[in-house]
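Colleague: Here's the feature list from TrEMBL:
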type    : residues                                 : note
BINDING : Gly12, Gly13, Gly14, His15, Ala16, Gly17 : FAD binding site
BINDING : 271-285                                  : NAD(+) binding site
Amino acid sequence: MVGIQFDVIVVGGGHAGTEAAAASARMGARTALVTHRADTIGVMSCNPAIGGLGKGHLVREIDALDGLMGRAADMGGIQFRMLNRKKGPAVWGPRTQADRKLYRQAVQQLLSETPNLEIIEGAVNSFIRDSSEIKGVHLEDGRELRASAVVLTTGTFLNGLIHIGDKKIPAGRVGEAPALGLSGDLAALGLKLGRLKTGTPARLDRKTIRWDGLDVQEADADPIPFSFMTEQITTPQIACGITRTTERTHQIIRDNIHRSAIYSGQIEGVGPRYCPSIEDKINRFGDRDGHQIFLEPEGLDDDTIYPNGISTSLPEEVQELFIRSIPGLEDVRILQPGYAIEYDYVDPQQLDLSLAVKGARGLYLAGQINGTTGYEEAGAQGLVAGINAARYAGGQDSVRLSRTDSYIGVMIDDLTSRGVAEPYRMFTSRAEYRLSLRADNADMRLTPIGISIGCVGPDRASKFSTYAAQRTGLYERLGSLMASPNEMSAVGVSVNQDGRRRSAREILSYPEIGWADVVRVWPELAAENGKIAEAVEIDCLYYVYLERQASDVADVRAEENREIPRDFDYLALSGLSNELKAKLTAQRPLNVAQAARIEGMTPAAVALLVAHLRKNTSKLAS
């Protein structure tokens, strides 16, 4: 049977699959997106939100490479908030509550506007193989689709199994069948598979909640879009309610914890430590004075409430008991019970940095199949896999983002070099160079790369070119504007009275001085574009550190391939913690690049190691 021919086939219509398909198509590859049902493309299976700490950085980076998630979030976002504002801009976390229907419709609309993309309804049950090379997929109905590259983005569908108490339901999510055939094909390729689990809370009826007396969380007054292409947010913004568990809640859960699928031994998969079930919270932190719950509307015209913070796999009758012990929820009606879901994943150490499977030419994996959790992590991987699948199909070299240029690079390096012991999620703390990897400069970091490889469309490329020139120009201009302490003091800007002239860029690096102060010293700056000025103000805040960090990055890049002698004495390396010395001694990295990927190795630690290696080389040479 001769199958329909494509360049790239993407299996799965979730957050990884949609980004992979769109990226491949943008690259000019004839692309097929295969999904069970076209109307479920872009569905938010768990929480109705995009972004957050670390995750918001990923969304901005996806957008910088012309991905879908940022634009869809802007079209469907109903409560925009910038998290972590009390800290520096490097770790601010853009987030929005999303209307599930609007978000799904936005993703589907964006895909419908993408040339070179065909959506095919069907279930994939096996690969078409030629020895170790993947040539396409077989569908359950007998159809064959052939391509040079296949991207597998199965989410929680790979042998998915839902748990509610002692009930087990084969499913990829509620009401949808799992993918049962592909795990065997992956194992036949020699891949090591494991089981992970995640969970979701019950869904509640808004009309049966007592909102009076609950705390309220409002949206930001001036919502900041995710996408560089969005001028302003036009979707109405809503508030969320906040409540807490009680001692009565905790006691009900303690009395029934043995009936939870997580604690009964029924689930073999490992769950995410940073997104624990309510059973885990009570078991580990039950003496706390309540656990916070955010009551998040799932849409502007939807009465469903997502109670963020009480994911569970307890039996339905126990869920009803403990939920009704929570203030405001005494008479609540449960629309859908919470559940845990476990699924197969592939050890991501079997992938290279392009997300290609080692030893299986033409096969790429992205999303939860690689051991991650979260829409944003999935979307970022899908983007990279789609780009590289298209390049593979076109006979081009792969594109690999690094830890020094993006959070996407940090994540993929973590996955492929360290693997996962639990579902992986992004945190800003995972990045060594987070002062330069900010959400506000994702476009400056990644859009030029996207333009060079052809995955950024002409509209974004044109708009970015103008923006980048203005931003760079203003930054350079601020470096040339000079004033003395007396000149600044005359307009109420206080600096050290040492007589030294300072540039506008330098004084903006002082945390207590902002753009309004600089405009008082140099009134002509008032005419600058506000959006550009805000971005450059952040550039200036960190510029001293960034120049130093740029030097460190250059050193690390230049030294990545420097070999480390097998008998190198890490214990004699003064300046490293004992913990790091022990890790280096145990793992014996072959070169600096491998050493840099060891957990806990900071840029300073890598620089110290490089200095000692250089010193040893100099001694040998003399």
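Using the three backbone atoms N, Cα and C, a Cβ is placed for every residue, glycine included.
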Colleague: Could you check which of the binding-site residues (Cys275, Ser277, Glu279, Phe285) sits closest to His15 (FAD binding site), going Cα to Cα?
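Modeller: Its closest listed neighbour, by Cα, is Cys275.
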Colleague: Could you tally the C-beta atoms, other than its own, that fall within 10 angstroms of the C-beta of Asn283 (NAD(+) binding site)?
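Modeller: Cβ-Cβ neighbours of Asn283 (NAD(+) binding site) within 10 Å number 17.
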Colleague: Other than Gly12, Gly13, Gly14, His15, Ala16, Gly17, which residues of the same chain sit close to FAD? List them in sequence order, counting a residue when its Cβ is within 8 Å of the Cβ centroid of the site.
Modeller: Val10, Thr18, Glu19, Ala20, Thr35, Ile41, Thr153, Gly155, Gly367, Ala378, Gly382
Colleague: Taking the Cβ of Glu279 (NAD(+) binding site) as the centre, how many other Cβ atoms fall within a 10 Å radius?
Modeller: 25
Colleague: Using DSSP with the three-state reduction, classify His15 (FAD binding site) as helix, strand or coil.
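Modeller: Its secondary structure by DSSP: helix.
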Colleague: Determine, using Cα-Cα distances only, which of these binding-site residues is closest to Phe285 (NAD(+) binding site): Gly13, Ala16, Gly17.
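Modeller: If we rank Gly13, Ala16, Gly17 by Cα distance to Phe285 (NAD(+) binding site), first place goes to Ala16.
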Colleague: Measuring Cα to Cα, how many Å separate Gly13 (FAD binding site) from Gly271 (NAD(+) binding site)?
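Modeller: Just about 23 Å between their Cα atoms.
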Colleague: Of Gly12, Gly13, which of the binding-site residues has the most Cβ neighbours inside 10 Å?
Modeller: Gly12
Colleague: State the Cα to Cα distance, in Å, between Gly14 (FAD binding site) and Cys275 (NAD(+) binding site), rounded to an integer.
Modeller: 20
Colleague: Lys281 (NAD(+) binding site): which of the binding-site residues Gly12, Ala16, Gly17 is the nearest Cα neighbour?
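Modeller: Closest by Cα distance to Lys281 (NAD(+) binding site) among the binding-site residues Gly12, Ala16, Gly17: Ala16.
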